[in-house]
Structure formats: C-alpha cells, structure tokens
Amino acid sequence: MKVLVLFSVLFLTLFSYSSTEAIDELDSDAEEDMLSLMANEQVRAKACTPRLHDCSHDRHSCCRGELFKDVCYCFYPEGEDKTEVCSCQQPKSHKYIEKVVDKAKTVVG
C-alpha cells in the first residue's frame, strides 16, 4: 500500500511538472503571435490628414486636436468649377471647449 501511494505521488508530481512546461510553451507562442500581430498593425496604420488639408480622399482620416478629432467639412467654392472641396477643420464648439479646459488647467494648477 505504501508503494502504491509513493508511486501515485511520484506520478502526480511528474504529470504536473510536464503540464506546466506545456502551458509555458503555449504562453510563449501566444506572446510571439501577439507581438507579430502588433507589429503588423503598426505597419498598417495610415497617417492622418492635418488640419486645413484636403481630406476628400478619406473623410475619416482627420487628425486629433488636444481633446477632439477634427471633422472633414466639404463645400463647393464659388466660381466656375463645381467640384467638391473637403478639408479637415476644427468645429467652433470644440475650439471653445478646448479653450475653457486650458483656462481651467491654468487656474487649477
């Protein structure tokens, strides 16, 4: 009976050791996969369109201001040409809110 208990304890110890090594290998593989996916995602990220530049090619590509993302506004300029012109602009409400936040930061500290 003592021999059976001794072998069962030895078996359980070896089994737990082998399972932890297998889990560690899976974790390291998962970390490597995640790092490669993050590297690919950074390569895919496209540059944003700065304020007052043309955004007609991609209307959702405007850069962020301090607090808010700029908005792509489209309009038709006066004159002979009837083509639509789009540019990234900061809405006035966002501009005023950013000014209030800046003033509050200087007052508070």
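Each Cβ is built from the backbone N, Cα and C atoms, and glycine gets one as well.
Mapped onto three states, the DSSP output places Cys63 (disulfide bond) in coil. Within its own chain, Cys63 (disulfide bond) has Cys48, Thr49, Pro50, Arg51, Lys69, Asp70, Cys88 as residues 6 or more apart in sequence whose C-beta sits under 8 angstroms from its own. The disulfide bond feature in Swiss-Prot is assigned to Cys48-Cys63 (among others).
Cys55 (disulfide bond) counts 25 other C-beta atoms within 10 Å of its own C-beta, drawing on all protein chains shown. When secondary structure is read from DSSP and collapsed to three states, Cys55 (disulfide bond) falls in the coil class. What Swiss-Prot records for Cys55-Cys72 (among others) is disulfide bond, and it gives similarity to another entry as the kind of evidence.
Here Swiss-Prot flags Cys62-Cys88 (among others) as disulfide bond. In this view, Cys88 (disulfide bond) is surrounded by 21 other Cβ atoms within 10 Å of its Cβ, with every protein chain counted.
If you look up Swiss-Prot, you'll see Cys74-Cys86 (among others) marked as disulfide bond, on the strength of similarity to another entry. For Cys86 (disulfide bond), other Cβ atoms within 10 Å of its Cβ number 18.
A Cβ distance under 8 Å defines the sequence-distant neighbours of the region 'Knottin domain' (45-88), meaning residues of its chain 6+ beyond its ends; these are 94, 97-98, 101-102. Taken from Swiss-Prot, the feature region 'Knottin domain' applies to 45-88.
Looking at the region 'Linear cationic cytotoxin domain' (89-108) alone, the prediction's average pLDDT is 93. The region 'Linear cationic cytotoxin domain' annotation in Swiss-Prot covers 89-108.
Swiss-Prot lists 1-22 with the feature signal peptide.
Counting residues per DSSP class in helix, strand and coil order gives 17 helix, 1 strand, 2 coil for the region 'Linear cationic cytotoxin domain' (89-108). Between the CA atoms of Cys72 (disulfide bond) and Cys86 (disulfide bond) there is a gap of 6 Å.
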